[in-house]
Amino acid sequence: MTGYVTRSNGAGTVLPDEGKTVRRRFGVYDAVIAALLVVLIVGLCLLAYPTVSDWWNRWHQSTAVAGYARHADSLTVAQHKQAIDQARAYNAWLATTPDRWHPSAEDTRRYDSMLNVTGDGVMAYLSIPKIHMQLPIYHGTDQSVLQVGVGHLEGTSLPVGGPTTHVAVSGHTGLPSATLLSNLDQLRTGDTFAFHVLGETYTYQVDQIDVVLPDDLSKLALDHGKDEATLITCTPYGVNTHRLLVRGHRIPNRPDHTAYDTPNAMLARLCGLGAGVGTLAVGWLVLLIAGWRWRRRVGPIPVRHRGVMRR
């Protein structure tokens, strides 16, 4: 009967070291398989990161939009009127300000208080039907704002419409963690976008698209009697040396049947992805453990060498 491999030294002595060698080979095999699985899992995580991060940010954005809409619906008629009236008074003051691009500290404090009914800096939200995007609009254009939504450019009109107003909002393009305004370059003349402010909607139709240097503000000038708005993002994609400006003029509201992100839909995507990745990881782990236990139960594989066997 063939047993574990041993080696005879020619004098009747049996040297039982082949079994240990086979066991060592099994140990190396286990380590290699485990390392390959780790590399595979890490690789999949890196590949999935942009999608997962974008979904995560879209969940936060849709949650912010839904929260803002709920809060706007809870305002009394008097509170709503006061907020809108204050914003329009601010716009009228802005139209007469000699240097609206260099506000004083007091001017900025006043600006920050405008339309900030939720207390978290969200003044409105933007919808762009063509690219199925709906984003919260925050006061200012700090990086902390532009990582999670679009920012209203201080020095431009607040998004409540009216003559001699020009709203400007800015958002990032090309972030690996969020889509934001990455698809703004798909808009063409005739497309529309809208601002939603305290339950009211202000719709604009694209009539001009420009590419300018970052410090060129000439396209954001107030045109007497007109109601305009401009969306701003970086261009070219990944280079960001210029700014893409998509301008529109006010038109009557149109029905919007676009299926935008909702908190529940985005959360379902995240949970589904998490469940899939978790199931895959557990499956790999079960296979690895099962293989390891099987090899321990079976033991080293008997090997027959020429002139070397155990009786």
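Each Cβ is built from the backbone N, Cα and C atoms, and glycine gets one as well.
Annotation comment: TrEMBL describes H172 as active site, proton donor/acceptor. The active site, acyl-thioester intermediate annotation in TrEMBL covers C234. What TrEMBL records for 28-49, 266-290 is transmembrane segment.
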Roughly how many angstrom lie between the C-alpha atoms of H172 (active site, proton donor/acceptor) and C234 (active site, acyl-thioester intermediate)?
6
Do any residues at least six apart in sequence from C234 (active site, acyl-thioester intermediate), in the same chain, have a Cβ closer than 8 Å to its Cβ, and if so which, in order?
H172, T173, G174, N240, H242, R243, L244
Under DSSP, is the residue listed as 'active site, proton donor/acceptor' helix, strand or coil?
coil
Coarse DSSP state, helix versus strand versus coil, of C234 (active site, acyl-thioester intermediate):
strand
Provide the number of Cβ atoms within 10 Å of the Cβ of H172 (active site, proton donor/acceptor), excluding the reference atom itself.
21
